[in-house]
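Encoded as structure tokens, the structure appears first; notes follow it.
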Amino acid sequence: MDPPVPPGFLVELLHSVPHINITLHRVNDTFNPNSSIYIESLGILASIPAALLIISLVFLLLYLLTRCCDRKPRKPKSHGCQKCTLVFFAIVCCAAIGLGLYGNDDLHNGVLQIFGSGRKIEELILSVRNQTEMVKYNLKTKVVLSELEAKFEKPPQMYNQTAQYLLQDTVKMVKDNTTMAINALETVVYLTRPSHSEMTLNSLLNTYEFYEELRWPATLGFLTFLLLLCIILVIGATRSSRCALIFFSVCGLLAVTVCWLLSGIYLASAVALGDFCMKPNDFICSQQKLKDVQYTYCSSVGTNRYVLRLNESKDYLDRAKEALDIMNRIAINLYPRFEMSSKINRLSEELDDSKRQLIALSARADRRAVMEHYANATRGLCEGGLFGLTLMLLASLVSAAILSLLVCVDSHTWIYLTKKRPYEDKSETAPLFPAGAATASPASAQITAGTMTVNRTLLHAQAATSNGTTGGTLIPSSGRNGTTHGLRGLASYSGDESPPPDYNVVVHDNRASGHHTLGRLPSQQSHLAGPNNGKYATLSKQCKTLESSDFY
């Protein structure tokens with residue numbers, strides 16, 4: 001039997017993939033899912049991406065072990081090449097994922113085309129069964145159960161025993177032929193009625209439609225998740241975010257595993273579908289459990305059981321119609337007053353109407369009419385569906401390889417990214433008297449803005465006194481409760497330098513007594529002698545004790 005759709009290039013390419021068993025010997029490549037040898041060959045093909053998964057995981061493990069042992073510091077500029085690599089291959093991976101989304105949509109449309117053609121065939125068979133039952137009911141009630149025999153039992157006006165016997169035999173012939181036609185229709189109804197032990201086309205479509213309703217959104221969701229991972233990687237690479245890069249490393253490893261496993265499933269499925277599309281009719285017609293397919297599609301012209309039984313019923317109706325015409329001619333002569341012709345004409349019209357319906361049913365159940373639906377289903381599976389599955393296979397392989405590379409580069413990148421140190425006032429923990437404070441000059445007491453404390457101010461005052469210079473304290477002209485909250489802006493200066501214009505300088509020079517006192521303002525100072533004969537600067541009693549909250 002010739003296939004409804006000739007195999008294309010893609011079908012021949014996938015069918016040419018070698019089928020080998022566990023001993024690496026070639027096996028038969030004819031599609032046969034019931035054969036353990038054929039399933040074994042598909043399993044070996046599916047194990048190839050699984051082997052690539054193991055190799056990539058081992059390589060990633062070795063790579064991470066080498067990176068853990070490498071503790072050399074890296075300059076920030078050295079990560080630029082790695083970040084560019086991450087961004088570039090993430091964009092390429094997004095393109096591969098987009099190819100997978102397109103292939104998933106093509107495969108889904110091809111499967112939907114199969115379901116649509118199958119539903120049409122199922123509706124056709126159901127309509128044949130319903131109309132057959134209707135014709136059977138009309139013949140049984142309007143022809144077989146008619147009261148012609150009772151009417152003809154009355155004695156005729158013109159007695160003719162031979163004609164009367166002939167009339168009764170003709171009536172019996174009409175009923176017998178009609179009964180035989182009804183029996184043939186009963187056979188058609190029996191063939192089209194599904195049984196509990198047989199697999200029907202409707203149950204098969206319902207099963208695969210349920211699986212497709214799960215497969216399509218699951219694949220779409222996984223590919224969308226991969227797109228989000230790539231977006232997170234691009235954001236983490238551009239912003240040097242360790243959190244985003246670590247998240248991609250963990251989820252990317254899981255995505256690599258799933259992609260390689262899906263590649264094995266897609267490879268085996270694509271090769272099996274290519275084998276099926278080479279000779280789809282051979283496999284379809286070998287399924288004896290699909291009775292509807294056997295009777296409508298696999299039977300050749302003239303051997304369709306539906307059509308044979310319908311034609312048989314039509315032949316019996318033709319014989320009944322001939323007998324009815326003979327009966328009409330005899331009844332007119334024997335019973336002219338009973339108006340037999342009108343009743344016989346109604347029976348004749350019923351037989352003619354039933355015959356027309358049977359002819360229409362035979363045309364609908366013929367293989368040439370069903371052939372179009374099977375051709376559409378085969379075209380949807382072997383062209384659009386197989387093309388989409390092949391795109392998904394390529395997208396899965398490319399995505400798995402690129403994601404493996406991205407996980408390696410990403411792990412190398414975030415390991416050497418240092419965390420940003422939070423802002424802290426290091427001067428709070430600085431020692432009051434550093435080791436080089438005794439020999440430091442006043443210029444060496446320069447303190448960066450925002451880290452000045454009272455301790456360092458006292459050090460500056462001490463250093464200025466010991467060097468014979470006039471020290472000073474810069475106090476802002478505006479403060480909180482008469483004290484300063486801007487000591488972060490304090491800076492040391494020598495006697496020759498002028499203070500900033502926003503600060504007041506408080507200097508008390510008691511050179512006569514060798515004592516220097518630091519105070520807030522001249523009008524608010526009370527001079528007290530230092531504890532060590534003027535060698536160290538002291539604060540006035542009227543000065544407020546500065547706390548840590550005054551500096552922030």
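Here, residue 1 is simply the first one shown, and the rest follow in order.
Note: Cβ is positioned from N, Cα and C throughout, glycine not excepted.
Look at TrEMBL and you will find 337-364 tagged as coiled coil. Long-range Cβ contacts of the coiled coil (337-364) within its own chain (Cβ-Cβ under 8 Å, at least 6 residues beyond either end) map to 124, 127-128, 131-132, 134-135, 138-139, 142-143, 146, 148, 151, 154, 157, 174, 178, 181, 306-307, 310-311, 313-314, 317-318, 320-321, 324-325, 327-328, 331.
Among the features that TrEMBL reports, region 'Disordered' is placed at 514-533.
According to TrEMBL, the feature transmembrane segment maps to 42-65 (among others). A Cβ distance under 8 Å defines the sequence-distant neighbours of the transmembrane segment (42-65), meaning residues of its chain 6+ beyond its ends; these are 17, 19-22, 253, 256-257, 260-261, 263-265, 267-268, 271-272, 397, 400, 404, 407-408, 411-412.
Positions annotated as transmembrane segment by TrEMBL: 86-103 (among others). Away from its own ends, the transmembrane segment (86-103) comes close to residues 219-220, 223, 226-227, 230, 233-234, 237-238, 387-392, 394-396, 398-399, 402-403, 405-406, 409-410, 413 of its chain (Cβ-Cβ under 8 Å, at least six residues beyond either end).
Feature annotation from TrEMBL assigns transmembrane segment to 216-237 (among others). Within the chain carrying the transmembrane segment (216-237), a Cβ under 8 angstroms from the stretch's Cβ atoms is held by residues 83, 86-87, 90-91, 93-94, 97, 100-101, 104, 108, 243-245, 247-248, 251-252, 255, 258-259, 392, 399, 403, 406, 410, 413-414, all 6 or more beyond its ends.
Long-range contacts of the transmembrane segment (244-268) within the same chain: residues 42-43, 45-50, 52-53, 56-57, 60, 222, 225-226, 229, 232-233, 235-237, 389, 392-393, 396-397, 399-400, 403-404, 406-407, 410-411, 413-414, 417, each at least 6 residues beyond the stretch ends and with a Cβ under 8 Å from a Cβ of the stretch. Here TrEMBL flags 244-268 (among others) as transmembrane segment.
Distant neighbours of the transmembrane segment (386-409): 10-11, 14, 49, 52-53, 56, 59-60, 63, 82, 85-86, 89-90, 92-93, 96-97, 99-100, 102-110, 219, 226, 233, 248-249, 252-253, 255-256, 259-260, 262-263, 266-267, 269-270, 273-274, 277; these residues of the same chain sit at least 6 beyond its ends, with a Cβ under 8 Å from one of its Cβ atoms. Residues annotated as transmembrane segment in TrEMBL: 386-409 (among others).
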